[in-house]
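Participant: Got these off TrEMBL a minute ago, pasting:
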- 21-38: transmembrane segment (TRANSMEM)
- 44-65: transmembrane segment (TRANSMEM)
- 77-95: transmembrane segment (TRANSMEM)
- 141-158: transmembrane segment (TRANSMEM)
- 170-192: transmembrane segment (TRANSMEM)
- 204-227: transmembrane segment (TRANSMEM)
- 239-259: transmembrane segment (TRANSMEM)
- 302-322: transmembrane segment (TRANSMEM)
- 328-349: transmembrane segment (TRANSMEM)
Amino acid sequence: MVFKYFADSKKLREYKFLGSDMSISYVYFLSPLANYLVQFIPLWISANIITLLGHFACVLMYLLTVYHCGMEFDCRIPDNTMIICTCLYMAWLILDNIDGKQARRTKSSSPLGLMFDHQVDALNVTITTSYFANIMIGPDIAIYIWFVGSLPFYYTTWEETYTGSMNFPFISAASDGCLLLGILMFAFYIATPEFIIRGEYMGYSYRTLLLIVMIVSTVSIAFYNVCMVIKNSKRKFHALLHGMGFWYYIFCYASLVYFSPSSIAVTAPKELMLCLGFCFAREIGYLQIAHVMDIDYTPLNWPNFTILSLLIFNSSLHAWGLPIIDEYSFLVVLIIAAFLSYAHLVYFASKEITETLEIPIFAVPKRKD
């Protein structure tokens, strides 16, 4: 292999995860529930299998929405599908808390599990926010919902990279936010999406008010992450400078809103979310590599920068009257490129870890006596 994601095998072997979760929902609900359920899982089932099962639940949720609505967001999902998707989401959330406990139970915690879990969760951000945009019937707000999910995920991982540990306070997006999202999904099923969309308070629809609360909450969490890095990191300037990489995603979206003659951010939001989502998941991968290897994180690695820049450039050409490639067709090409780039990282990074640490991906390693 010419290119290596983990250049220093010594640091890979020495890595130890440090972290804690003091969030209300984790301490009083998710963790006790996971501790109870993990007892029924055989010891020969690896934590990564549990992580993968959770991901399959999210993928099935996404496929159900595509089956009923295609790539449209202005489509009413049937009630029975909504409750099934809510159950699938909660299954993922519970499994996501069980996998770490199974890893500790089988004494198989490793950088592989950390990378695998984060890569799956990063992809699930796009899947779950896509479903939530579907039940809100909001093609015009879909990307904002994606940013609501991706912003705290990025800055929480960024904080971990520059402080050396992942410590969640008494309110966190990872536990409280995800559980609240599941509760909201169930509330949409009970109250119906029409009530949320048409109901008003002080002249604003419930949907608008909910979106505002979500945006304010996620920005507040990201601000907390920044404060923790300023307080605890030894590389404050570098961290703050490179932490701006996520804003290129926002710049990309803003450019499409301004330049795109076909308003592709509104006419094809689900496709745009897929493109941004695969790039985002790869970005999280690079943050994790920097964390495990204890090296400086370089934002917008060249595949992501190239894909996002080409997306902006092509829409700009259309706005300037120089159309070369149809906007939608080019977006589909970039989705494929983003997926292949993401798949390359997942496959080869996992392969490097398994070969270096001599551990299997989907089996519990044999203990060396």
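The backbone N, Cα and C atoms fix where each Cβ goes, and this holds for glycine too.
TrEMBL annotations: computationally assigned, not manually curated.
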Participant: Short question: which residues 6 or more past the ends of the transmembrane segment (302-322) have a Cβ under 8 Å from it?
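Facilitator: For the transmembrane segment (302-322), the nonlocal Cβ contacts are 248-249, 251-252, 255-256, 258-262, 264, 275-276, 279, 282-283, 330-331, 334, 337-338, 341.
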Participant: Any chance you could find the range in 21-38, 44-65, 77-95, 170-192, 204-227 with the most Cβ pairs under 8 Å to the transmembrane segment (141-158)?
Facilitator: 204-227
Participant: Kindly say whether the transmembrane segment (21-38) and the transmembrane segment (170-192) touch, using the definition of 3 or more Cβ pairs under 8 Å where each pair is 6 or more positions apart.
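Facilitator: Yes, the transmembrane segment (21-38) and the transmembrane segment (170-192) are in contact.
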